[in-house]
There are 2 protein chains.
Amino acid sequence: MIIPQTPKGFRDFLPSTSLKRKLVLAKIVSVFERFGFDPLETPAIEFAETLKGKYGEDEKLIFEFTDRGDRQVALRYDQTVPLSRVVAQYPELPKPFKRYQTQNVWRAENPQKGRFREFLQVDFDVVGSSSTLVDSEIAQIISAVLKELGFKKFRILLNSRPLLNDLMKSSGVDENLVTGAITSIDKLKKIGIDGVIQEMVGRGIPTEVAKKVIESFQNAKPNQEVQSVLDTLKDSGEDMSSFVFEPTLARGLAYYTGIIYEAEVEGFSAGSVCGGGRYDKLIGQFSGTDYPANGASFGFDRVLEAMEEQGLLPEVKTTTKVLVTIFSKDLVQNSLKVAQELKAQGINTEVYLDTDAKLEKQLKYADAKGIPFAIILGPEEAEKAVVNLKNLSTKEQTQVPISEVITKLT
Amino acid sequence: MIIPQTPKGFRDFLPSTSLKRKLVLAKIVSVFERFGFDPLETPAIEFAETLKGKYGEDEKLIFEFTDRGDRQVALRYDQTVPLSRVVAQYPELPKPFKRYQTQNVWRAENPQKGRFREFLQVDFDVVGSSSTLVDSEIAQIISAVLKELGFKKFRILLNSRPLLNDLMKSSGVDENLVTGAITSIDKLKKIGIDGVIQEMVGRGIPTEVAKKVIESFQNAKPNQEVQSVLDTLKDSGEDMSSFVFEPTLARGLAYYTGIIYEAEVEGFSAGSVCGGGRYDKLIGQFSGTDYPANGASFGFDRVLEAMEEQGLLPEVKTTTKVLVTIFSKDLVQNSLKVAQELKAQGINTEVYLDTDAKLEKQLKYADAKGIPFAIILGPEEAEKAVVNLKNLSTKEQTQVPISEVITKLT
């Protein structure tokens, strides 16, 4: 016998969970489409060299292996690098290219609470325009998605990579210590001023300079890039209380070149639910020519967790509306006919698929599955050409003609 | 520079293709749900031993590798084995368990026309009932899906694994040559009577016995299993011309134990679009107890190919309804406001994301993307609080108030 189990960090989604995920995903996708984005799908397996050199030190988490043809291949690690490859590979795609992509990615993370080795990313990106209209639309979409999902209070943090660099350099941080210093300042909220100074000093930055850095960031004002985005958002009629300039925001990935974003849901402490930014130099690695690009990615599991915490997840166990029970072997045909009629009307209908189960067992099954109604069709009903419609939550049962069932369930 | 390419046998789905695939998949899923099936998702990666010993000689096509933790793992090869593992692993799932599953599978096939290394399978199965109602519902669903997709003429072939064995044995085929003989008879339509006899003789079956086999299959009648399914289909009001008893149908997979199905679309010669059958002994390999099970799988690429050939594929390039162009830098705000209004009404609206492109370029872009309408908003329109709505296929252009645009596009 084989022990039925999944490898650590991998998950099965049983029907009720899978349905909830589908519903939430469909809501997010509807927002992307409302803003004029179309879907893209890329393969699970890419040549390893397509992915390498893009993710910084996290590169070690790529699931890489040698295939039967002795090629080094790797599982999709994110959706930004595949998008970049696609843009370079199909130059005929009209630009700006606006695409969304909702596929699984794989990372050999140490599995822990809320961290998985296979998880869904929900990305949207605009390639081929460096306009500030793109930069503000990305922020606007993050906001529209969070609203669509029912979140009342959230903050979309905005910053600019060039601004981060400028602030570091003008504070006197040595050119080759800037990246490290940015990593430290990113932790300001987590480890506090003293913690950041200590960490910077540990990186070889003089204490005086580290103090100067703190001061510059505390007094930082939006640069022109950030300011134009804020202005455009205002022009678009957005509620500006959700958009916040956050000079210490850094974002991990190496490939950002301009504006960066992160979204936080109020009351949800497990981290940001969305992040992104401009990456004008990534596609050039595949195409030889640079294409300006900007986009963001929702961590689907984080989004669901936040929705769950705030009671925003839809309660759904099945899409089935009614179970047509089987009263006895003689009446199977009657039940099948009724079920056929309901299905013809587009009503999701399940027939109990056993001819010798007791009625009680059949109703218990409907309950366990979360089916809201059951139809019972005994000899009396068959004769009168009616059915018993039972509401399984109120336990109310009424003898009605089939037409009434259709009206009630559509 | 990295050459932008995908490994052989793997595909990118650009927006128009991806949209078509999504639409077709949604139609199939709607039928599954109409029959009371709910979704299940399983991970891409399983322990290799979960998959091994289930697929016969095709097992060599499994994508298998050693992960960082030195575990032998493998990519999902089909959805029947993961379903079987799930049923064993979560005994709390109410039975009969009716699930559909639409995920990619990976097979290290030799890539050739219509054969890929990553492809979508569209499965539905019922676990936990050996009733003939299940056997007929599976056939009924295959038919309902094909109708939903618009196919007018198709045949659902039915046969029974026990019947195949009985016919072989009663013709005098030696017990340990039965499996080989079944593989040969399955090719009757392809290689003809003489071809089958020759192949059987090559397998060590005497010519006389081989001739007897042909004769038995030519005169074969449905056994009780097949007959009850045909009767139940008739009772359910199905058009019986689509369901055909086909005694030579064998199906490749080793795990079938009862009724088997295959669906053919008339006029489509690239092979069957759906196959399945009863497998009452597979789940027992994980759970220790047998669970009766039956289901079928649509080959999504085959289905699409057949739809394409018969002109049934939806023509869709984008879900975007309208492009709001940008007339000049002064009028950006006006265009953004109009776009905002349209989006608020649920109309999929794209704003041209560059403030200094010529109008002609913007309209060409809309054309290239397949967006049906464009809005042009110049100084005159801004003043009058109207817009120019341009139909991009008829080239007709009319000055209308925004409310009229909303009525027209919703």
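Using N, Cα and C of the backbone, Cβ positions are placed for all residues, glycine too.
Caution: TrEMBL annotation is automatic and unverified by curators.
L-histidine binds A:ASP78, A:GLN79, A:THR80, A:GLN121, A:ASP125, A:ARG251, A:TYR255, A:TYR256 as TrEMBL records it, and from the list A:ARG34, A:ARG107, A:ARG155 the residue named for this site is A:ARG107. Taking the Cβ of A:TYR256 (L-histidine binding site) as reference, residues of its chain lying under 8 Å away and at least six apart in sequence are, in sequence order, A:ARG161, A:GLY277, A:ARG278, A:TYR279. Under 8 Å, Cβ to Cβ, and six or more positions away along its own chain, A:ASP78 (L-histidine binding site) finds A:TYR55, A:VAL105, A:GLN121, A:SER297.
Each of the binding-site residues A:THR80, A:GLN121 was scored by how many other Cβ atoms lie within 10 Å of its Cβ, and the smallest score goes to A:GLN121. Around A:ARG251 (L-histidine binding site), the same-chain residues at least 6 positions away in sequence with a Cβ under 8 Å from its Cβ are A:ASP186, A:ILE260, A:GLU262, A:GLY275, A:GLY277.
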